[in-house]
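Undergrad: Below you will find the structure I want to go over with you.
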């Protein structure tokens, strides 16, 4: 299934300072991370997506750019490139038996099933995953309603659950235009409005919402065993809670985690059939083919021995074949065959011995060291430059760059390059584990070796000490094609230097470099600080990285600020370097509360950057000012709460001098308000247990913790707050809204609020709307139900426009279910009329006569005896008139029939224009309504509007022939017309009358009836009727 350069992993694609790899935050290096803009997205994908959304070229380009912008923001991870690299390495004919197996076909045909394939390291699981993905993509290539989502986990790329979820969403965005609108809204809510990153819960909810729009979802997760245990649990938790997808998992056997997916079907991978295909393919290489000379017996003998010695592991057989390639005769081939090691580690040991006996042993071992200990995956070009550095001379020589094919050759199959991404890596994670265990040669001090290389490479950049701005630094790091390794060295040399204390101490090359460099340009967007660019000297660098070997220099220059005003103490706090910080405070205790240029203390910086041990150290000093705010106005407690850091919050809360009610920050909030707003239940619980906490304190909008929790829909936090005796559940914000108003459509939150008997359900907020009126207007039926269950609810309250909840519900085209609910409530007033517009419940119901369910509601309303059916709006229109104005339809006619069944209906009511229901129905051509109206004995067909026109004239103007016939049959019709259109009406009615008298065929009459009578205008000019 695999070739000599494949096994269970492929490296990720490099984008700027690596691709997809989030920088190692734990090591806390100053680094530049500006790589997201180079995320790979194919133009074909974008144009395909855009073509389905719009054909306008300008809009199409705009859409492409926005999709790319959102994809870059989501994540730089590109599993598609990893898949392409992996699939290219398969051997033709492998994987077919698996695709045809009963187990796979059952998984394919059963919806929402999980198939977990396990196998030994090197058994070809990753290649199998790529074959499955390719099969699914081809199978569903013409089915936009089916989504295929992929992920390839890697031991050298520490993906978090947030990374993986973001990648899933990114794949859906790039391949399925149907999800664009929802993802765009998500992006704008976070990045465009608040400049925030979404958390795991938000990403998970978005992903599951997007998946729910597809008919089928296939999710493949390869090499689950290569992520951390925490991430394993997170991924399996997602799969367990996700009922919308068919999930395909691969990993080594993970007995300790299988219980998390009790419904999954497990299948152990047996690669023996595919490994034979793989071996036969590799025996066709020119050298081996020349030795075997097509001898079937010899080929079979070689095949069987390799199958036995490889123990069914592709990785092992790949390295064994590499060793066979060293044979130059049949005898030599047999010798190598007999001496081949069997196990993985034995194979690695044999390969290392072979490397060490080669002509370029130093080059190969240095390459293996770099690939084993590099902080993130390297590109082949970066590795070539790394190997052109001389540690002995401390220099880099461009002419000493090794040609890539030779570099790969001397590593004897232990190093591979992913062609699509140009990423170079070890052949398998087991090779990484084996090499890390080496303790000979340069492997005795690997980080010292790499640190010395980094210093030599940095020394080549002569302009480093002259960089004064971030833009200059970016140009040097990203535009300098002559030094492709520079970005890696700049970002990660300090992490390697940190590890030197476990070897023989910090190499002198570090001090030597910084003493000659001048001011070193520093930029690290990973830390939270007012300015992420600065210029450092040696004591500052040592403080950032915790280089304790340089402690004397740090203590000597403890009060020397950086160009941006930071002291070594502040830098230690930013990066959590406790050992050096403790030494600084022991010698200079008064520096504890000193603020930097931006108003930050060591404590605020430690809290801001989530360094728990550093906070614990700082607050242990008696002279710490624990309430001293940062330049932003936030106290250390508020910063910890903003970060959602439970440990730091608890440390601070337990301090006796803490003021938990301090107000500050951009929104003049308290810690409790912030925690409630963010929905952090555990932190809220901690704060509520602190003596002296003010639960009713509010922010600059007048919103208390309860108001913020209600507004955000955090029901569990609302429950905690309303359980307090000292809570004010009706506290108004500056917009006169109570928490109940702010809860909106959050049903669980409203329920939690109503559990507090002190809540005033009838309070009027903005526009004098009660919670019931607001919920009715907004269409929140479940909230309305909860409110109606309250004993003291006033269902007839009116707002500033004198509208009740019933009227407001009917103003929403989807509010009929709520209106029915309100109408069934005892004591409801159905006649309340709005002051300005004059709407009533009946008039609003008539306005929405075409909506689903409107007829049923109308029937309920008409059945109320107290209903005034003749109420008029500000235009003088009654419900009967409004229905007569409506477009022709069965529901309107039925509703008119219901109105006419009322004995108190006034059919001849006129609006402010003098029009009656009959006039409007005649003009609109509503035959059914006209018939119903004419069936009323007291309808007056001769009433004229203010223009002097009656129903007949209006019917004639609009060519309503059928209605003209109906009106002409009325015995009490006055055919003598007066008004501006009397001649016109007389001509039309006379013509129709003549046609009726001729008894023409009605079918022919309706198809061919044309008139050419003339109407004399006031100035005597003739005009045509048609």
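Each Cβ is built from the backbone N, Cα and C atoms, and glycine gets one as well.
Annotations in TrEMBL come from automatic prediction, not curation.
The shown structure was predicted, so the numbers you read here are calculated from the model rather than taken from an experiment.
Pulled from TrEMBL, these are the listed features:
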type   : residues : note
DOMAIN : 93-252   : domain 'Nephrocystin 3-like N-terminal'
DOMAIN : 363-436  : domain 'GPI inositol-deacylase winged helix'
REGION : 1-32     : region 'Disordered'
REPEAT : 632-655  : repeat 'ANK'
REPEAT : 913-937  : repeat 'ANK'
Undergrad: Quick test of the contact rule: Cβ under 8 Å, at least six residues beyond the ends. What residues does that give for the repeat 'ANK' (632-655)?
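TA: 599, 603-604, 607-608, 610, 612, 615-616, 619, 626, 662, 664-666, 668-671, 674-675, 678, 680, 682-683, 686-687, 689-690.
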Undergrad: Quickly jot the same-chain residues contacting the repeat 'ANK' (913-937) by Cβ under 8 Å, restricted to those at least six beyond its ends, or write none.
TA: 876, 878, 880-881, 883-888, 890, 892-893, 896-897, 900, 907, 943-947, 949-952, 954-955, 957-958, 960, 962-963, 966-967, 970
Undergrad: Provide the three-state DSSP residue tally for the repeat 'ANK' (632-655): helix first, then strand, then coil.
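TA: The counts are 15 helix, 0 strand, 9 coil.
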Undergrad: Which value does the mean pLDDT take for the domain 'GPI inositol-deacylase winged helix' (363-436) in this predicted structure?
TA: 92
